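Below: the structure, in structure tokens.
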Amino acid sequence: MKLTCVVIVAVLLLTACQLITAEDSRGTQKHRTLRSTARRSKSELTTRCRPSGSPCGVTSICCGRCSRGKCT
């Protein structure tokens, strides 16, 4: 019974701390790079393959073929 009360009080305390912290940080953003995906242009989002002459590898897809690390 005692342990249950301690757990309930701890959960309530942590919840209150989170709510207070969330209210204080409203309107401020420390890590602006997290939302950098919203700034991408439409051409960047629709381009799925790399043009010839670009470097290629596992993470990049060529419009043609990947030969010796370059798109052809």
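The backbone N, Cα and C atoms fix where each Cβ goes, and this holds for glycine too.
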Recorded disulfide partner - C49, candidates C56, C63, source Swiss-Prot: C63
From C17, C66, partner that Swiss-Prot gives for the disulfide involving C56: C66
Candidate in C17, C71 joined to C62 through a disulfide, as Swiss-Prot lists it: C71
Pairwise CA distance, C71 (disulfide bond) versus C56 (disulfide bond), rounded so that it is a whole Å: 6
Inter-residue Cα distance where the pair is C49 (disulfide bond) and C66 (disulfide bond), in Å: 11
